[in-house]
Amino acid sequence: MNINVADLLNGNYILLLFVVLALGLCLGKLRLGSVQLGNSIGVLVVSLLLGQQHFSINTDALNLGFMLFIFCVGVEAGPNFFSIFFRDGKNYLMLALVMVGSALLIALGLGKLFGWDIGLTAGMLAGSMTSTPVLVGAGDTLRHSGIASTQLSSALDNLSLGYALTYLIGLVSLIVGARYLPKLQHQDLQTSAQQIARERGLDTDANRKVYLPVIRAYRVGPELVAWTDGKNLRELGIYRQTGCYIERIRRNGILANPDGDAVLQMGDEIALVGYPDAHARLDPSFRNGKEVFDRDLLDMRIVTEEIVVKNHNAVGRRLAQLKLTDHGCFLNRVIRSQIEMPIDDNVVLNKGDVLQVSGDARRVKTIADRIGFISIHSQVTDLLAFCAFFIIGLMIGMITFQFSNFSFGIGNAAGLLFAGIMLGFLRANHPTFGYIPQGALNMVKEFGLMVFMAGVGLSAGSGINNGLGAVGGQMLIAGLVVSLVPVVICFLFGAYVLRMNRALLFGAMMGARTCAPAMEIISDTARSNIPALGYAGTYAIANVLLTLAGTLIVIIWPGLG
């Protein structure tokens, strides 16, 4: 039996789509030196090659892909977006505005200089910034711009062409810049990280090991009674001295949870909870020949829970003010926007931050009720909320503004982004509403993006040879300029106007570019995870601004003449 593969693919859009995705994802795993191509560029390259052979898919699939992607971007940004916008993120907001704004202006200028159309210009901006949200925002605005169908088709083809030609340029140039730009300043990143670590009492080890607390039991002997000198537990401050706290006491055969007024007596058996190294540092009066193995005394349920910061008495306060150890709880991690932060007593908590806390189940539940709620470890997505806010986003996108003879619409990209932000924000405030497991959110976002990339590549593939020959050299120059010049401007602004610590500044710059590979290089150079503080500060707001930049470049273009 003979099978004509070309006819088979042309006759089945779904089969063609998944063939493109599978081949593109395989290609995306290839590495050029230390740089991995990545899923987006892999799918785009494969779709462009097949597009040259005149394969195509229904545009409805492309539209659904970008809608899912941009909605999920909003959901991820929602918990932190308003806190960054309105409160303690002024510097991070300004950095993101400078980065995105300067790139937008430079792209507009180069597009006019080289005589490109809006499609090539917007695609070059998206590729140079390695930002799919720019591509999505520009594409959606073009479709709702009301231009003639022939011009629209050409602009959309050039949009994906510009993106494809400059994406790798933008990615590689930023990675190289992240490696060498820190060396051109007077203060190296490691020194900057150590400086802010001393100021804030940070752990600068990027690979800090996290241990769970363990329970050990000891019998109180003469040495320990003498060591306490008649003081009660509150006066002794055992945690401050040892890093362990007394969870239970057995006295005369009776188990009890001690309060601060309890005084240790000869023959008491005490259960101490602490990290392994804290037990190792205990005074010999605790340990020497005194350890006991009492099943009832040691029978405690030590749990590790992820607590989402929500309550007003925790939001805006410093980490040290929570006094977790005074409540018998141990802090393992602080996570913001999926980025692990250094455990810094001076970190100001934002709504939606996640604290990984260990301790007795009862104590962890108490502290969770005080500062927020325990994250739901469920694999069930609230599809009703997902669909409802998706519909709201589409309806917002239909809103059109009329100014004399000029009109423009909000568009699906901005509408869905706003609706996603609202869903993410409400989820951070109401734990039982709109729950979407992070794995499910990542899957939908990635799948939507890959479908969108496959669609734009197949649409643009037929004209790539002509486009490459006409503008290839110009694209190379423009891609480098738009990728690197805003980074330099952002560095100068942050260093000499905002006077930011260099480790935080470089992390914030990579967050404003939403580039995780470059962020890893900055952390390696600093030998610290302190730059993650800056990265998390700009990442959420930059995703939103980049989407708006894609919309703005299309709106502004006709007015430039």
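Positions of Cβ are set from backbone N, Cα and C atoms, glycine also.
These features come from Swiss-Prot:
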type	residues	note
TRANSMEM	8-28	transmembrane segment
TRANSMEM	32-52	transmembrane segment
TRANSMEM	66-86	transmembrane segment
TRANSMEM	94-114	transmembrane segment
TRANSMEM	158-178	transmembrane segment
DOMAIN	200-288	domain 'RCK C-terminal 1'
DOMAIN	292-373	domain 'RCK C-terminal 2'
TRANSMEM	383-403	transmembrane segment
TRANSMEM	406-426	transmembrane segment
TRANSMEM	447-467	transmembrane segment
TRANSMEM	475-495	transmembrane segment
TRANSMEM	540-560	transmembrane segment
Reported mean pLDDT - the domain 'RCK C-terminal 1' (200-288):
77
Candidate ranges 32-52, 158-178, 383-403, 540-560 - greatest C-beta contact count to the transmembrane segment (94-114) (under 8 angstroms):
540-560
Beyond a gap of at least 6 residues from its ends, the CB atoms lying under 8 Å from the transmembrane segment (8-28) belong to 36-47, 50, 55, 57-58, 61, 450-451, 453-454, 457-458
Residues from the same chain, set at least six apart from the ends of the transmembrane segment (383-403), whose C-beta lies under 8 A from its own
67, 71, 74, 140, 409-420, 422-423, 433-434, 436
Between the stretches 32-52, 475-495, 540-560, which wins on the count of C-beta pairs under 8 angstroms to the transmembrane segment (158-178)?
475-495
I'd like the per-state residue tally for the domain 'RCK C-terminal 2' (292-373) from DSSP, helix first, then strand, then coil.
22 helix, 31 strand, 29 coil
Please spell out the DSSP helix, strand and coil residue counts for the domain 'RCK C-terminal 1' (200-288).
26 helix, 23 strand, 40 coil
